[in-house]
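Participant: Below: one structure in structure tokens.
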Amino acid sequence: MSAQPELLPACLVPRHYDLDIDVNLSEFVFAGRVQITAEVKEETDVIVLHALDITIKSVQVTSSDGSVTRPISQPLISLAQTQPRKLHKCDGVTSFSEDTISIQLERKLACGEVVLDLSYDGELNSNMCGFYRSKALIDGKEEYMAVTQHEPTDCRRTLPCFDEPALKASFDVTLRVPAHLTALSNMPVKDEIVEADRKVVRFERTPRMSTYLLAMAVGRLEHVEGTTKKGVKYRVYACPGVTNQCLFALDVGMKVLDFFSDYFGISYPLPKLDMIALPDFAAGAMENWGLITYREANLLIDEVNSPLVTKQRVAYVVAHELAHQWFGNLVTMSWWTDLWLNEGFATWVGNFAVDHLYKHWDIWTQFVNQYAGRALQLDALETSHAIEVEVKRSGEVNEIFDEISYCKGAACIMMLTSFLGMPSFRSGISSYLNKFQYGNASTRDLWESLTEASGKDVEKFMGPWTRNVGYPVVFLSRSSGKLSFAVERFLATGKEAPGSDWWVPMRVLHSSGKEELLDIKGKTLEVEDAEGGGWVKGNLHQTAFFRIRYDDALLALLGPAISELRLSPSDRLGVQADAFALARAGKMRTDRALALAMEYEEEEDFTVWADLLGSLADVMSTWAKEAEYEGLQQMMVKLLQKIMKKVGWEAKDGEGALFPMLRPLVILNLGRNGDEEVAAEARRRMKGGWKSVAADLRYAVYATVVGTGGAEEFEVVKRVFLEAEMSDERNRAMRALCATREEKLMDQVLAMTLDGSIRSQDVFYVFGSLSANRVGMDVAWRFLQANWSKISGMFPSGQPPLARIIKTTVSSFASEERAAEVEAFFADKETPGAEMSLKQALETIRMNAAWLQRDRDVVGSWLASK
Ligand code: BES
Ligand code: ZN
């Protein structure tokens, strides 16, 4: 890392926060007082700390000898009346940068312990950051709750603090709230004093932790509870009336918490763990130590109304957040540059736990599709970034909660586990967690522990993968009794680029059944081809992070190995995924990739289908405006006939464990591409009312009915959106509405993003779904431009949904004109937290445009020949 991050001055280090907040839910304000015990490391008369959108009312500093130091020229002039909810600059307190304050003291503080005492006011905002209000609908009535979201850098909105991950401290939290509400924080309640209709709730002291993990929640709540085998009190909270929907998450959570305690060899250190479903939540979930917050759709499961895909999602999200209780909370990255130590780890470990609990879900094959696959896609862009990424200012932090930190991070851990073997990996991470508990660590620290545990040079193997952007493609060819491997960097644009010093672990399976591991440490490698000219599959089980380009003859041999299901599901998945990526990059003709796709007719594996249909969706969206589009649709319908016969419309006893996900996937793709029979059956099923449709089929049925119908069908599904009580069901209906072919109806859905019918947390679904619709992509883009200030205003802290909205809305375009238009529009706009996404989207549009230009003709002739 070259440039140094902008950090607070090191002369003062926080040790403990004593926080007292009075919550006013009728006026949406709060009054806070925080006493921060800090150590003066170097004498100073200026204190700099973080604060944002709060009004500091008074400051005083008490030294350990009892002497009091104040800012220059007290008393402070209150500007609260004129500038109610903004940080004001009063005498002695000035704004140092946009989110820090600088307190000029009347004299210097000597080294030693001091207590900073600050009183302040804040607003319970409606922006899902800091201490905010969330609107619940309870028995049809609106009611507000107050909750926090502090990661990455919004704790400074709740209290003045030293808001950097390495500045760990303990917290004593006190909340003053209406007596009839439940108040929660990271730790259990210590005591509670009720006075008339108010109460004062004091919580136990937290362990040393980073500010971004501090959490509070106040509202009318109900819960279910249990105690894990290891004795942790576990509760799951939600708005009243849905406690039965909390049981699934409680069950998963209790099992996974104990599993991690065992696996890591360190027990979960807090006496309790609460999880809470919130009606408004910007991210998917947040791992606050002891009080994990979720959007409702990621926590609540109804036995009748939740499809398998949602159960898998909830199990995974819970496991991911629980993984953070160790990776992130107990041991925290020293700075955001190493965010992947949190997110990449939680992603891999979360999947590991779900696999442990639900073997039949075949999680590791799904992992190849959902994590490795997404990372390979983003990291093929020149505008991608390395896993270890320079982050100078806190404003840049939101940007890196992306597929690189999560998915490439997790894929690299997968690669590392196969390099080290699970026993060494486990003992290495366990000693790493032990060594750095309650402290901070960097990537280098992790490599050291793993090296000690395994005796292998982990830094040497992993360094090139985490420090450099991009990954290799290995060209695999056969000639005169030899197999040759040639390594280059893979770029989605097909451009040549200097590679890195990757050490590529190439595991190979031969048609004879022989497996071997070849370490490719240079640019090329040649080995004897002793297995007699049959097929060869490289990157066996897709456990390593690279793509393979087979020569024509080798690719042709793999066709039958796929259609006869001789390869494992992840290998079948990998061959087509690489082929389509190469086609897009101009390294293979797209008609060749399409021909390969037709080899998958006999496929029955959900994940292989999901990945293949994803590859084909990229072709469809790039060709969306072309004359060949209909031909491509016919090809899709043909490809899916056999599997449709096999899955049918009704679940059968003894069917594949993932058929409940495969069935709707097939139906959706057939309905969308013009299969009349499927469309008719979907309409017939909808006639009995949405509740009569099996939960697993609902989204596919809704989308097919809307996509093949008109205003009437749209109204039917819109009613689902209005009637349904579960967030997940409303989202299904809302996404399905975006399948309409009529612009006027699209406008209706889009209008709902602004009139409050759709919560801002869910707005990205609308843009994402419309962009997958050949007409919708233009309508969504027009709308986004026309309403930019309102939509960007929903995420003033640069929260992840904004980047997601920009990226999904424009990434399906495939012309230079569109690229130029997008560039021009954003040229003078502020896109907090989305700068990098915007660049990546532009590169994607231009790549699509080049792909289309290059292969329009060959795709046309291939279709004509069919
Ligand atoms: N630590 C994140 C939450 C987060 C994300 C905070 C982005 C700030 C910005 C949490 O652990 C997480 O990763 N949440 C995911 C869901 C997860 C299960 C993949 C999310 O919010 O998308
Ligand atoms: Zn996470």
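Yeah, the Cβs are placed from backbone N, Cα and C, and that goes for glycine too.
Because TrEMBL annotations are produced automatically, they should be read as predictions rather than curated entries.
From a predicted model like this one, the values you see are computed outputs, not experimental measurements.
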Participant: Going by TrEMBL, His320, His324 bind Zn(2+); tell me which of Glu303, Glu343 is listed for that site too.
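Facilitator: Same Zn(2+) site in TrEMBL: Glu343.
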Participant: Would you say which of the binding-site residues His320, His324 has the most Cβ atoms within 10 Å of its own Cβ?
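Facilitator: By the 10 Å Cβ neighbour count, His320 comes out on top.
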Participant: For the Zn(2+) site (His320, His324, Glu343), what does the 8 A shell look like? I mean other same-chain residues with CB within 8 A of the CB centroid.
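Facilitator: So the additional residues around the site are Glu287, Glu321, Ala323, Phe327, Gly328, Asn342, Phe345, Ala346, Thr347, Val349, Gly350, Tyr406.
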Participant: For Glu343 (Zn(2+) binding site), list the number of other Cβ atoms lying within 10 Å of its Cβ atom.
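Facilitator: That number is 24.
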Participant: Would you mind listing, in sequence order, the residues at least six apart from Glu321 (active site, proton acceptor) in the same chain with a Cβ closer than 8 Å to its Cβ?
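Facilitator: Correct list: Met275, Ala285, Met286, Glu287, Ile292, Tyr294, Ala346, Gly350.
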Participant: Take the C-alpha atoms of His320 (Zn(2+) binding site) and Tyr406 (site 'Transition state stabilizer') and report the distance between them in angstrom, rounded.
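Facilitator: Given the Cα positions, His320 (Zn(2+) binding site) is 11 Å from Tyr406 (site 'Transition state stabilizer').
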